[in-house]
Amino acid sequence: MQAAWLLGALVVPQLLGFGHGARGAEREWEGGWGGAQEEEREREALMLKHLQEALGLPAGRGDENPAGTVEGKEDWEMEEDQGEEEEEEATPTPSSGPSPSPTPEDIVTYILGRLAGLDAGLHQLHVRLHALDTRVVELTQGLRQLRNAAGDTRDAVQALQEAQGRAEREHGRLEGCLKGLRLGHKCFLLSRDFEAQAAAQARCTARGGSLAQPADRQQMEALTRYLRAALAPYNWPVWLGVHDRRAEGLYLFENGQRVSFFAWHRSPRPELGAQPSASPHPLSPDQPNGGTLENCVAQASDDGSWWDHDCQRRLYYVCEFPF
């Protein structure tokens, strides 16, 4: 019995060292060769069996899986999985508690970011403002050019109007001398339009003349013959350029000169031997008789006598043009 234990003490360490070497060789074999894995496991199991029989050891003692069998490997993997599960359980999961308050650095960073955004927006506004300023300058220059062009156009229109006025006056003067009465350095032309005295003067002026202003009795007699021939057999009063609007009884021509002679109408004188009438003839009173109500002078077309009338009365008129 002592010999058996002695043999076991000598053989078992060698077998165990062989088993560990076999397992190391197995690992090398699995890593490098992998061809005789099953054969090595069978040899190892057989040697352990013989050793147990020689020593009289029970089948359950010793290394339960000395050769690293598949069952031992599975147990080792299970233990590894359990260890990983324990590590996962031991790993603390992040809590869902309230987030920590921002630090001063975070606040400063946020403020700087907002300021950067505001600065970028302000830069865009400056760019747009510059574009608007450029547009305003362009529009101002265009408006100035338009004003200059409008001024030039206005000057051109005024020049055309002046030229048209001169042409109309020249046309009226030529028409007056061609169609009317030429007398010395004057031409008289009768107009059969009914106008007030001021309107008649304006129309004569627009045609380059004025209302008739007979300078002496010779011109007065020539004008009388012209009006009688133009309006016969009727008797029409015709406006002359004579009035006393400035002062009652002070008769002036339209050019401001004082009238040097008069041809006022006088009522018929009674025949010799007849009783003189105390009152003037009601249809032909002596002129002027209107006072301040009648300040303009018209000439009768039949005899050339002068009558004072209300200046607003609408009558024929005769224009005078220089020749």
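One-based numbering along the chain as shown.
Yeah, the Cβs are placed from backbone N, Cα and C, and that goes for glycine too.
Note that the structure is a prediction, hence the values are computed from the model and not measured.
Database features, via Swiss-Prot:
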REGION    55-106  region 'Disordered'
COMPBIAS  74-90  compositional bias 'Acidic residues'
DOMAIN    183-320  domain 'C-type lectin'
DISULFID  Cys204-Cys319  disulfide bond
REGION    272-295  region 'Disordered'
DISULFID  Cys296-Cys311  disulfide bond
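Mapped onto this structure are the features recorded in Swiss-Prot.
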residue : record         : DSSP (3 states)
Cys204  : disulfide bond : helix
Cys296  : disulfide bond : strand
Cys311  : disulfide bond : coil
Cys319  : disulfide bond : strand
Given the disulfide-bonded residues Cys204, Cys311, which one's Cβ is surrounded by the fewest other Cβ atoms within 10 Å?
Cys311
Residues near Cys319 (disulfide bond) by Cβ (under 8 Å) yet at least 6 apart in sequence within the same chain, in sequence order, are Gly172, Gly176, Gly180, Phe188, Leu189, Ser191, Arg203, Cys204, Arg207, Gly209, Ser210, Leu211, Ala212
Near the Cβ of Cys296 (disulfide bond), how many other Cβ atoms are there if near means within 10 Å?
27
Mean per-residue pLDDT computed across the domain 'C-type lectin' (183-320):
87
